[in-house]
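Listed features, source Swiss-Prot:
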SIGNAL    1-23  signal peptide
REPEAT    65-89  repeat 'LRR 1'
CARBOHYD  N75  N-linked glycosylation site
REPEAT    90-113  repeat 'LRR 2'
REPEAT    115-137  repeat 'LRR 3'
CARBOHYD  N125  N-linked glycosylation site
CARBOHYD  N136  N-linked glycosylation site
REPEAT    138-161  repeat 'LRR 4'
CARBOHYD  N147  N-linked glycosylation site
CARBOHYD  N173  N-linked glycosylation site
CARBOHYD  N181  N-linked glycosylation site
CARBOHYD  N201  N-linked glycosylation site
CARBOHYD  N208  N-linked glycosylation site
TOPO_DOM  248-616  topological domain 'Cytoplasmic'
ACT_SITE  D416  active site, proton acceptor
REGION    594-616  region 'Disordered'
Amino acid sequence: MAARRRLLLLLVLLLCRLAAVLPTSEVEALQGFMAGFAGGNAAFQSWDASAPNPCTWFHVTCGPGNQVIRLDLGNQSLSGELKPDIWQLQALQSLELYGNSISGKIPSELGRLASLQTLDLYLNNFTGEIPNELGNLSKLSNLRLNNNSLSGAIPMSLTTIQNLEVLDLSHNNLSGIIPTNGSFSHFTPISFSNNPRTFANSSDSPSNNSGAAVPSGRSSASSIGTIAGGAAAGAAMLFAAPIVLFAWWWRRKPHDQFFDLLEEETPEVHLGQLRRFTLRELQVATDNFSQTNLLGRGGFGKVYKGRLLDGSLIAIKRLNEDRIGTGERQFLMEVEIISMAVHQNLLRLQGYCMTPTERLLVYPYMENKSLETRLRECSDSQQPLDWPTRRKIALGSARGISYLHEGCDPKIIHRDVKAANILLDEKLEAVVGDFGLARIMDYKVSHVVTGVMGTLGHIPMEYLTAGRTSDKTDVFGYGIMLFELISGKRGFDLVGLANEENARVHDWVKKLLEEDRLEVLIDPNLLEIYNGGEQGVREEMRLLVQIALLCTQESAPSRPRMSTVVTMLEDGIAEHWDAWQRKTIVQASLQGGQGVSEARNDSVANLPPDTLSGPR
């Protein structure tokens, strides 16, 4: 018995030692990683080298065993170089460094991250070649290196990554042949565009255009004969070339088009690894689009629940007839761009179907449906959303929208951010949906659209009156969605409550906050913990209200970017809130104390319904 106790004690000590060693080595790896960037960056404020465990640091996510599985440092104004120390994070699954100013070469040591699934280094200043070692990342599914200054050939080793689903090497200085074998056979030219020195196959190589040297040591007559023969052959080729080129073009035409527009009955067409379904498959999956499988309807069409032959559940958006007028090429280009918007907080496009009379989009089915459903149509078997879950949903949805604005190329405006379009997965994580047919945002500037799309209570004045949309349109919608999350009420209902006091929603909530009467706004399911003063909860709710107020300001330029909202949710709001309070005081003094009622013209309560789209 004593021997068994000693053995058990030894095992406990060994496990404790192992638990202490793993985080320490990861702390050292992260410190080495951080050392590559210019000092003083706010993203690393919580990265304390003396901490035994990095799992409490901002932008770091840990999995089982307290091992780092994700580094999310996109759009953090990082400058410097990516140090190779990061290879020591052997459990790392996602490395997101997009939208910074990181320079230097991509370390070949990244090829040693055996668990890596997502590598996002796009929109930086990386130079040099793509490391051949990246081909060792057998679990990699998302590789985006676009918008850098990478050069050299595309490594053939990348074609051996069987799990690769998303690839973007565009907007670099790559050269040589674009591989078409292995996993690369699924990708279209958009993945390699804007690399002027690349070509599709060896016959397009510049080296094939150089002339052949004339052999020396021949007689003058032989030379003349050679020249004459060459001239005759050249003349023959001149006449034959158009025929040969036409035959070559005709044979290769289905493969060289930007999108392969095959008939509906040939489902093997893919955009990336996006599946093309037949209409028959989707009819069988939905029992011929029966009403019993109808999940909802909106401005873009109806959504049905379906079950494929392998048993997997899907959600099918059947687009309205007015969308069918979109040309095949235009529709496929939209599908291609949206399919490349891959983020854990975005609804992943799984496939599509296109016929002369139908346009359908296929998504994974979300068992927990939408935030709106959980807030207002909770079944008897479901508990109301608690405060930690709502806080998690606020952060997750902000990350998803921020990625649409700053992580996609071209950028995407959602234009209808609301609780109904925030879906919930099996862990109640936020998944932003229904951005599938949103207008594509210009890379540098906003643009004017011809028709207002959105939902009553979620539309800012600049969009409603002038049709001018930008990323700040989504910021406004997100702010109203936060009010929905806190109150459990629809945006339209909040407009009605504010109108009773002759004010906009923004001004009404601001007044409640200033008068310490937020219990008027807060969901009855949360009032007990709010009034009970549970540690930190009351302050967290006030924080979320403050962020929502910043997002719903009347002036679009004054609203924060979504990446700033993410930072505020993670790090705090004090600096932004104080600056806004000072600005409000100055504006009030300049206006000579004009009443709040003047802002009523920003309300959309009295507009006819036909100026707005329905819920999507």
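In case you wondered, yes, glycine gets a Cβ from its N, Cα and C as well.
The model shown is predicted, which means the values in this text are computed figures rather than measured ones.
Structural mapping of features recorded in Swiss-Prot.
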residue : record                       : Cβ within 10 Å
N75     : N-linked glycosylation site  : 24
N125    : N-linked glycosylation site  : 14
N136    : N-linked glycosylation site  : 18
N147    : N-linked glycosylation site  : 21
N173    : N-linked glycosylation site  : 15
N181    : N-linked glycosylation site  : 9
D416    : active site, proton acceptor : 24
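Taking CA atoms as the reference points, N173 (N-linked glycosylation site) and N181 (N-linked glycosylation site) are 22 Å apart. Comparing Cα positions, D416 (active site, proton acceptor) lies closest to N75 out of the glycosylation sites N75, N125, N147, N181. Secondary structure at N181 (N-linked glycosylation site), as computed by DSSP, is coil. The two recorded residues N75 (N-linked glycosylation site) and N181 (N-linked glycosylation site) have their Cα atoms spaced 34 Å from each other. DSSP classifies N136 (N-linked glycosylation site) as helix under the three-state reduction.
The closest partner of N125 (N-linked glycosylation site) among the glycosylation sites, by CA position, is N147; the full candidate set was N136, N147, N181. The helix, strand and coil residue counts that DSSP assigns across the repeat 'LRR 2' (90-113) are 5 helix, 8 strand, 11 coil. Reported as a whole number, the C-alpha separation between N136 (N-linked glycosylation site) and N147 (N-linked glycosylation site) equals 23 Å. Across the repeat 'LRR 1' (65-89), DSSP helix (H, G, I), strand (E, B) and coil residues number 7 helix, 8 strand, 10 coil. Taken together, the residues in the topological domain 'Cytoplasmic' (248-616) have a mean pLDDT of 76 on the 0 to 100 scale. In the three-state DSSP assignment, the secondary structure recorded for N147 (N-linked glycosylation site) is coil.
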